[in-house]
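Please read the structure below before turning to the comments.
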Amino acid sequence: MTHQFPPLTTEQKKELHEIALRIVSPGKGILAADESIGSMGKRLNQIGVENNEENRRLFRQVLFTADDRIDNCIGGVIFFHETLYQNSDDGVPFVKMIKDKGITIGIKVDKGVVPLPGTNGETATQGLDGLSERCAQYKKDGADFAKWRCVMKISETTPSNLCITENAKVLARYASICQQHGIVPIVEPEILPDGDHNLKRCQFVTERVLAAVYKAMFDHHVYLEGTLLKPNMVTPGHGCPTKYSAEEVAMATVTALRRTVPPAVTGVTFLSGGQSEEEASINLSAINNCRLVKPWALTFSFGRALQASALKTWRGQRENEAAATEEFIKRAEINSLASQGKYTVCGDSSGATGLSHYLSSYAY
């Protein structure tokens with residue numbers, strides 16, 4: 001007979017479940033603003049802005065100063081370590097700004113990917129060392145949930161069984177550690193869109209990966225009601241010549257989830273995976289309109305697909321801040337509708353909303 005040591009108390013479980021429910025309340029999703037310094041550098045470079053701490057702070061401020069229209073759209077914001085301790089121009093901590101809106105604070109806790117020996121260029125995610133101590137500190141500093149990202153690619157030889165198993169175990173250990181400190185773990189096993197594979201192949205690999213993840217979660221005694229899943233939508237590879245409808249993407253995605261994700265999981269918060277803002281919203285709405293039974297909240301945890309138009313509008317200029325914030329609010333409202341299956345094509349995807357955000361081997 002196996003047991004969890006130390007076991008979570010009834011009070012701990014209640015807190016974790018309530019946090020998870022709050023994040024994915026109807027119509028709400030997650031703003032992923034946890035890009036690393038290097039990833040922010042790539043974004044800022046695209047608009048000709050220097051990558052320094054002040055410019056990173058200014059852009060995060062554009063997002064965080066959104067008015068109360070986002071209160072019913074955003075249930076959680078994922079911070080990067082640097083951002084957790086930054087303030088607005090007025091000296092108000094970003095954490096306080098977000099919490100005052102009734103939005104839950106999250107924190108990225110992984111330390112990035114490293115090569116996995118014995119594989120054909122595959123990776124595992126590091127950061128378990130010292131994670132318990134970091135979680136304890138982040139909880140004191142206002143964070144109630146965390147995110148950990150593992151990455152896999154589809155090719156003729158990948159993902160290998162070794163890669164899938166190793167990353168599943170790492171995700172489960174991370175989740176267990178978080179829960180001991182009252183932090184809801186977001187489990188993110190991302191399958192990259194790199195390659196020319198079709199929809200069926202992506203669905204098969206997604207099912208393999210998610211099945212392994214939840215086997216590991218069970219083995220590590222993770223309390224599923226106090227977790228969220230952040231998977232890729234099931235989409236064809238970026239180089240696939242076949243184009244699929246949003247309804248086909250939705251059916252493949254929901255089918256994969258139904259075959260692998262226990263109903264006890266509180267919510268599924270999809271990553272955008274390099275899709276354009278508009279494409280991600282359309283697919284999310286289609287997923288929520290899929291006629292199959294869906295026992296979880298199905299919503300968004302978008303980074304680029306919430307920020308691209310705002311970033312393009314801002315361009316590092318003070319006079320553009322208000323307009324950039326409006327662009328962010330617009331995307332938040334659209335994705336709120338999409339998470340309820342109520343969004344239809346807006347008709348204009350010629351600007352930033354229609355631009356693909358695909359980057360080969362994308363890393364945060």
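Quick reminder: no glycine exception, Cβ is built from N, Cα and C everywhere.
According to Swiss-Prot, the feature active site, proton acceptor maps to E188. Annotated active site, schiff-base intermediate with dihydroxyacetone-P per Swiss-Prot: K230, in sequence order, evidence recorded as similarity to another entry. Residues annotated as substrate binding site in Swiss-Prot: R56, K147.
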(message) Quick check for you: of the recorded positions R56, K147, E188, which have their Cα within 10 Å of the Cα of K230 (active site, schiff-base intermediate with dihydroxyacetone-P)?
(response) K147, E188
(request) Enumerate same-chain residues with a sequence separation of six or more from E188 (active site, proton acceptor) and a Cβ-Cβ distance below 8 A; give 'none' if the list is empty. (result) K147, W148, R149, C150, L171, L229, K230, P231, L271
(request) Count the Cβ atoms, other than its own, that fall within 10 Å of the Cβ of the residue listed as 'active site, schiff-base intermediate with dihydroxyacetone-P', considering every protein chain shown. (result) 23
(message) For each of R56, K147, count the other CB atoms within 10 A of its CB; which of these binding-site residues has the top count?
(response) K147
(request) Would you mind pulling the DSSP three-state label for R56 (substrate binding site)? (result) helix
